[in-house]
Amino acid sequence: MSTFVELSTKAKMPIVGLGTWQSPPGQVKEAVKVAIDAGYRHIDCAYAYYNEHEVGEAIQEKIKEKAVRREDLFIVSKLWPTCFERKLLKEAFQKTLTDLKLDYLDLYLIHWPQGLQPGKELFPKDDQGNVLTSKITFLDAWEVMEELVDEGLVKALGVSNFNHFQIERILNKPGLKHKPVTNQVECHPYLTQEKLIEYCHSKGITVTAYSPLGSPNRPWAKPEDPSLLEDPKIKEIAAKHKKTSAQVLIRFHIQRNVVVIPKSVTPARIHENFQVFDFQLSDQEMATILGFNRNWRACLLPETVNMEEYPYDAEY
């Protein structure tokens with residue numbers, strides 16, 4: 001079983017990466033160092049996580065120790081949609097690059113498709129509490145991001161939380177220079193994303209799954225929300241393979257050729273989440289897990305639900 005997916009640029013993207021969303025400052029640096037020691041080579045970051053400087057420190061320390069070379073790492077970051085305007089985009093990108101202490105990114109994604117009004121807040125609001133949108137769209141941002149590729153600052157571009165209509169608009173954009181190589185979306189057995197994955201793969205676009213364990217630590221979780229890690233069927237499959245529920249949930253994506261970025265700051269779990277290449281789920285087990293789908297999302301971004309371009313209004 002390959003530990004990489006090949007992107008349309010021919011670059012190899014490690015199929016398991018470390019997610020850093022909601023990794024608290026003070027813990028994320030250690031988490032990245034532990035991950036690199038455990039064999040991870042793909043680290044998923046974002047401007048909006050407000051922790052890239054610590055991730056950068058960890059990467060630098062590991063490179064200095066000769067534990068890893070920069071060219072063996074695959075570092076991803078994301079542009080937040082308050083920065084779609086050219087000048088702000090270049091500044092946001094430069095901040096990411098400086099914080100990560102790198103001279104290039106392997107992959108740069110548009111974090112969310114809806115353009116938001118520039119400002120210090122992630123969700124700029126008016127006095128009534130309505131989120132303020134921008135007339136500058138993800139297509140405008142894409143052109144500026146293409147320049148970053150041409151300048152050698154970014155190896156490839158992608159999107160996150162886009163539906164297939166939005167991806168189609170990038171693919172059909174007149175004068176497109178660089179196609180998106182991945183769409184990073186929430187994906188787990190309660191949200192199997194079969195149609196979106198099929199669409200992306202048909203266009204030569206990989207899919208990256210975030211919240212592969214169902215985002216159990218999200219701050220807005222409700223007691224009645226379903227829990228994947230506690231699901232008896234998942235536990236049963238895990239016991240059969242002498243693995244944990246988390247390992248089964250990660251393996252599920254690998255066998256669909258979907259890149260997966262579990263987040264943890266706990267050293268034992270970081271190691272555990274990478275021990276997923278020494279077993280195989282049967283076709284029957286895969287079918288059982290796919291049968292869990294209920295189109296349930298942990299991450300809805302409710303702030304923007306009534307705005308144009310809300311990505312989850314479409315079926316896929």
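From the backbone N, Cα and C atoms, a Cβ is placed for every residue, glycine too.
Sequence annotations record features per position, and here Swiss-Prot assigns active site, proton donor to TYR49. According to Swiss-Prot, the feature substrate binding site maps to HIS111. Sequence annotations record features per position, and here Swiss-Prot assigns NADP(+) binding site to 211-273. Per Swiss-Prot, site 'Lowers pKa of active site Tyr' is recorded for LYS78, and the stated evidence type is similarity to another entry.
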Inter-residue Cα distance where the pair is LYS78 (site 'Lowers pKa of active site Tyr') and ARG251 (NADP(+) binding site), in Å: 25
C-alpha spacing of LYS78 (site 'Lowers pKa of active site Tyr') relative to PRO219 (NADP(+) binding site), in angstrom: 21
Which of LYS78, SER211, SER227, all recorded positions, has a Cβ with the fewest other Cβ atoms inside 10 Å: SER227
Spatial neighbour of LYS78 (site 'Lowers pKa of active site Tyr') that is closest, considering only the recorded positions TYR49, HIS111, SER227, LYS235, VAL259 and their CA atoms: HIS111
For VAL259 (NADP(+) binding site), nearby residues of its own chain (Cβ under 8 Å, 6 or more apart in sequence): VAL5, MET13, PRO14, ILE15, VAL16, GLY17, HIS42, THR182, THR206, VAL207, THR208, ALA209, HIS253
For LYS235 (NADP(+) binding site): intrachain residues, at least 6 apart, with Cβ closer than 8 Å: SER245
Rounded distance in angstrom between the Cα atoms of PRO267 (NADP(+) binding site) and TYR49 (active site, proton donor): 20
The residue listed as 'active site, proton donor' versus LYS243 (NADP(+) binding site) - Cα distance in angstrom: 31
The residue listed as 'active site, proton donor' CB neighbourhood, other CB atoms within 10 A: 21
Least Cβ-crowded entry, counting other Cβ within 10 Å, from the binding-site residues listed as PRO219, PRO267: PRO219
Alpha-carbon spacing, the residue listed as 'substrate binding site' to SER211 (NADP(+) binding site), which is rounded to whole Å: 15
